[in-house]
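Since the structure comes first, as structure tokens, the remarks are kept for the end.
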Amino acid sequence: MTVYTELGQNGHGSALEGQKKRSYREEDIEQTIRSRMGWLIFFFFGLMISTVVVEQFEDLLKKQVALSYFVPLLIGHGGNSGSQTVTTVIRAVSLGEINQRDWLMATAKEGLAGTLMGCMLGCGVFSFSFIYPGFEPKVALTVAVSLPIISLWANTLGVALPLLAQRLRLNPAVTAAPLMTTIVDATGLLIYFFIAKYIIGDDM
């Protein structure tokens, strides 16, 4: 399995210290497929959970179709936000800037950043509902409330999964980002639909 080269800066060591090193050029197609296919199958079945989640809230979507319009936006945002965090953490670990003992600091930093960015985007969505005709304010409020919560959750996973991959001596580039996206896809939908039921459920 492809790993990162060892960096001993600040005494922290490499992201995956002690593993056998193999360069990208040395890895052939068969090795690439073998190292990734199992994970892709696992992620595929994980993504199937998202279909089940949507099916469970079918009645809610029938009564308020506008909720479905924002599913790609919310899930895409969660994936984007979490992916930024995963990449940042992998780089920081590889350069020896953080290690396992810094998980709390990194989680707090990335979680707060994700929450604030989600709030800013949510305020924009909610404000837009007063300009664009047919965009119901309660649906916009649901999206606005969901964005920072999904961002917080995605960024928390974005810190935890690379550090967990390092501890388990796995390649975080292959496992952490897609696993984060898979989890956020399903759980992000749950967060969104439960908030929708709370905010606009009585009006349907």
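Every residue, even glycine, has its Cβ placed from backbone N, Cα and C.
These figures come from a predicted structure and were not determined experimentally.
TrEMBL lists 1-21 with the feature region 'Disordered'.
Annotated transmembrane segment per TrEMBL: 37-54 (among others), in sequence order. Remote same-chain residues near the transmembrane segment (37-54) are listed as 61, 71, 75, 174-175, 178-179, 181-183, 185-186, 189-190, 193 (criterion: CB distance under 8 Å, separation of at least six residues from the stretch ends).
The domain 'SLC41A/MgtE integral membrane' annotation in TrEMBL covers 71-195. The DSSP breakdown of the domain 'SLC41A/MgtE integral membrane' (71-195) into helical (H, G, I), extended (E, B) and coil residues amounts to 108 helix, 0 strand, 17 coil.
Look at TrEMBL and you will find 111-133 (among others) tagged as transmembrane segment.
According to TrEMBL, the transmembrane segment annotation covers 139-164 (among others).
Taken from TrEMBL, the feature transmembrane segment applies to 176-200 (among others).
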For the transmembrane segment (111-133), distant same-chain residues with Cβ under 8 A (at least six beyond the ends):
77, 81, 85, 139-141, 143-152, 154-156, 159
